[in-house]
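Asks: Here you go, one structure.
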Amino acid sequence: MLREEAAQKRKGKESGMALPQGRLTFRDVAIEFSLAEWKFLNPAQRALYREVMLENYRNLEAVDISSKHMMKEVLSTGQGNREVIHTGTLQRHQSYHIGDFCFQEIEKEIHNIEFQCQEDERNGHEAPTTKIKKLTGSTDQHDHRHAGNKPIKDQLGSSFYSHLPELHIFQIKGEIANQLEKSTSDASSVSTSQRISCRPQIHISNNYGNNPLNSSLLPQKQEVHMREKSFPCNESGKAFNCSSLLRKHQIPHLGDKQYKCDVCGKLFNHKQYLACHRRCHTGEKPYKCKECGKSFSYKSSLTCHHRLHTGVKPYKCNECGKVFRQNSALVIHKAIHTGEKPYKCNECGKAFNQQSHLSRHQRLHTGVKPYKCKICEKAFACHSYLANHTRIHSGEKTYKCNECGKAFNHQSSLARHHILHTGEKPYKCEECDKVFSQKSTLERHKRIHTGEKPYKCKVCDTAFTCNSQLARHRRIHTGEKTYKCNECRKTFSRRSSLLCHRRLHSGEKPYKCNQCGNTFRHRASLVYHRRLHTLEKSYKCTVCNKVFMRNSVLAVHTRIHTAKKPYKCNECGKAFNQQSHLSRHRRLHTGEKPYKCEACDKVFGQKSALESHKRIHTGEKPYRCQVCDTAFTWNSQLARHTRIHTGEKTYKCNECGKTFSYKSSLVWHRRLHGGEKSYKCKVCDKAFVCRSYVAKHTRIHSGMKPYKCNECSKTFSNRSSLVCHRRIHSGEKPYKCSECSKTFSQKATLLCHRRLHSGEKPYKCNDCGNTFRHWSSLVYHRRLHTGEKSYKCTVCDKAFVRNSYLARHIRIHTAEKPYKCNECGKAFNEQSHLSRHHRIHTGEKPYKCEACDKVFSRKSHLKRHRIIHTGEKPYKCNECGKAFSDRSTLIHHQAIHGIGKFD
């Protein structure tokens, strides 16, 4: 075909005619793409396109017609050699700039090739030799084109003639120039559609004879500019001006995929595509970066990579001004502004703005994972996932932060890290105005509002908000644990769990609180900790409106309303609403206590219990109340303490309507109604409402007092008793009454004191109906009915109703007076006696009569005084029935009957 057309052209010259309209040029065998088509080519396909163009050019050279495509038609008269530029090539070069590729790339390969034109054999003269310096004109004009300047129109227009000197067209005679100017001005009237379809071949004559410019330049013969379309498609009826374009067009009709990959069986339209594809299997990377030594399979990938070193981002978005290294990235970015998502999944209807995203998404439905790791044989749905995974084995971290020098193995990780320095959060939720640093996080957050859970497990039908959650969930069914610790060989189902676990070995705590300086191993722990400073509670229960700091805590709380207990013990059948509770419960059966204290070798079944225990040795109290500055060892203590200030009582008894600040208090209170005492002492069979009471009671039998005061070496059976005792030395009274501002060293004392203001007496005797402010008072009162005296003196065998009475009695034998007055040095055997004595020095009289405003230093004096106002005579003589207002008068009266004081 090519040789036949070349022969026709030689015949045309022999007959002295103008070149035929359909003469073969490099354009005729070039495969050209529209801008829209070019955008869909990936870097590998663009590199392949370049190679095909060069191969076509070499074929033209082989049939000896390349000079007719490259140079201007020179109608020679035998004058010497001259250098010319094919302006049509320049115009086409400028018209076909597409993305980051242009014919300049091809021109670099062939611009030094010299062509020899032989004179027509009929004339017998040697034609002048033309050397093609550059296919595309000067580099200045090429740069102007990239800069946005358009000095030369795509067709023959008014600006063409004005730029002839820039195109290096030499020795143009005035007559020729005039005709050329006329032709260009006439050609400017050609319509836009005609300009696109026309391929002008500018013929500048050098003849001194009767052959000035060829008449083919005249606009009225526009068919000269129009190629003959002599290659029709039988399927669609569309015609093309060269066979290569026809072959390209026919591929979709024919479905001809004749080149097959021997490894994976994939089919390709072109041999060159297959050659590029094979590099995926062979791992061949012939293109190497001189800066960092990294290799690439395709030259276009190397070109893009170079921009990482140079920082060049030549592609700019006209909407927002954002710049990109690759044109494909710009095209993808533009879809954000347009909102266009042309690629739709036939399975679920989800739409995407990229074909690659659709292909990747479809693998979720098919489960195909074509990319396999050669080291651990793990398979992935995307090649990029495999590339990221490979860096785990190699330890490569190619992306470095310019701010802090930290390196990352993914570009996305570096981009995420940069946001920590900038604090930028450009993505905002329209529902709740919450802002996010990543778009994916915003999309995930939106599902909280919509309730959408698009990812469903095929085994158990559980639905999830995120694909990562589904992937993690699948490992529950498969039992897969692919991540292994090199230190202790422990395996994990998540990579994040492995990374966190490694910090146990390294001791690394990379997350630091800016408020208090505390460091944490996990970012989630830091986020949760920050809420302690801000008191932020973002998660709200829709049933009771209670708010929580963590979503996981809300999920656990919701099960209180639903009574759902999904975690069941296989040993005893007991069910739990939390996985951690089940794990903890299992250790009761196994007796396992894996957590050991390095200070005292004590072992614990829970890690949290060990962490709490360690603070006994260190004295650390990291949890501080922002209201009164009291510090606590545990967060639960701080949470409980906070309710003192807020007065919050969220737990309500369904029997009597009483409310409590703590759930444990409600559970304990319910047993009062039921009379339930589930916990029994193994020594004396005494039953108790709470397990902790049994533990305390057991120490009476064993005599164990493990808690010792560092100040006075006094020991206690309960830790709470030691804490209360320490306040005697420190003088600390952290509990304050909001009514009278009186302070107390114990919370229980404050609660009892509050009942003085409220008049509340919640404890009632079932035998006589008497009510009491304190539970201990009721217990003591019941012994009056039963006659029980549980506390016996080991010296004189005297028994007492209360333990405090026994303790006081023992001091008679020991003569101990531990309570000493700082003012006068007088000592007392009871704290109450010392308090009463202090009032002598201070003159304090805290007890006031509401009737006459008289004040007293003792409560007993106030009670005796009140009888004057009420006329009450509670003390009655059993002999004669006479009543008296005070007990001393009754005793004096009884002497008349011969009754002594101790009878």
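Cβ atoms are placed via backbone N, Cα and C, with glycine included.
So Swiss-Prot lists these for the protein:
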type: DOMAIN; residues: 24-98; note: domain 'KRAB'
type: REGION; residues: 121-154; note: region 'Disordered'
type: CROSSLNK; residues: Lys173; note: SUMO2 cross-link
type: ZN_FING; residues: 231-253; note: zinc finger
type: ZN_FING; residues: 259-281; note: zinc finger
type: ZN_FING; residues: 287-309; note: zinc finger
type: ZN_FING; residues: 343-365; note: zinc finger
type: ZN_FING; residues: 399-421; note: zinc finger
type: ZN_FING; residues: 455-477; note: zinc finger
type: ZN_FING; residues: 539-561; note: zinc finger
type: ZN_FING; residues: 567-589; note: zinc finger
type: ZN_FING; residues: 595-617; note: zinc finger
type: ZN_FING; residues: 679-701; note: zinc finger
type: ZN_FING; residues: 735-757; note: zinc finger
type: ZN_FING; residues: 847-869; note: zinc finger
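Looking at the shown structure, what environment does each listed feature sit in?
Replies: Residue counts for the zinc finger (259-281) under DSSP, helix first, then strand, then coil, are 11 helix, 4 strand, 8 coil.
Within its own chain, the zinc finger (287-309) has Cβ neighbours under 8 Å at 43-44, 46-47, 50, 100, 276, 279-280, 325-326, 398, counting only residues six or more beyond its boundaries.
Residue counts for the zinc finger (343-365) under DSSP, split into helix (H, G, I), strand (E, B) and coil, are 11 helix, 4 strand, 8 coil.
Residues 388, 391-392, 437-438 of the same chain sit 6 or more residues outside the zinc finger (399-421) yet have a Cβ under 8 Å from a Cβ within it.
Here the zinc finger (455-477) returns a mean pLDDT of 83 for the predicted model.
In the zinc finger (567-589), the DSSP tally of helix, strand and coil residues is 11 helix, 4 strand, 8 coil.
Listed as Cβ neighbours of the zinc finger (595-617) (distance under 8 Å, sequence separation of 6 or more from its ends, same chain) are residues 584, 587-588, 633-634.
The helix, strand and coil residue counts that DSSP assigns across the zinc finger (679-701) are 11 helix, 4 strand, 8 coil.
Distant neighbours of the zinc finger (735-757): 628, 644, 724, 727-728, 773-774; these residues of the same chain sit at least 6 beyond its ends, with a Cβ under 8 Å from one of its Cβ atoms.
Tertiary proximity for the zinc finger (847-869) is limited to same-chain residues at least six positions away from its ends with a CB under 8 Å from its CB atoms, namely 836, 839-840, 885-886.
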Asks: Given a Cβ distance threshold of under 8 angstroms, which distant residues of the chain, six or more beyond its ends, lie next to the zinc finger (455-477)?
Replies: 364, 444, 447-448, 493-494
Asks: Treating G and I as helix alongside H, and B as strand alongside E, what does DSSP give for the zinc finger (595-617) in helix, strand and coil?
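Replies: The breakdown for the zinc finger (595-617) reads 11 helix, 4 strand, 8 coil.
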Asks: Please work out which recorded stretch in 259-281, 343-365, 567-589, 679-701 has the most C-beta pairs separated by under 8 angstroms from the zinc finger (539-561)?
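Replies: Of the candidates 259-281, 343-365, 567-589, 679-701, 567-589 scores highest.
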Asks: How does the zinc finger (455-477) divide up by DSSP, counting helix, then strand, then coil residues?
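Replies: Residue counts in helix, strand and coil order: 11 helix, 4 strand, 8 coil.
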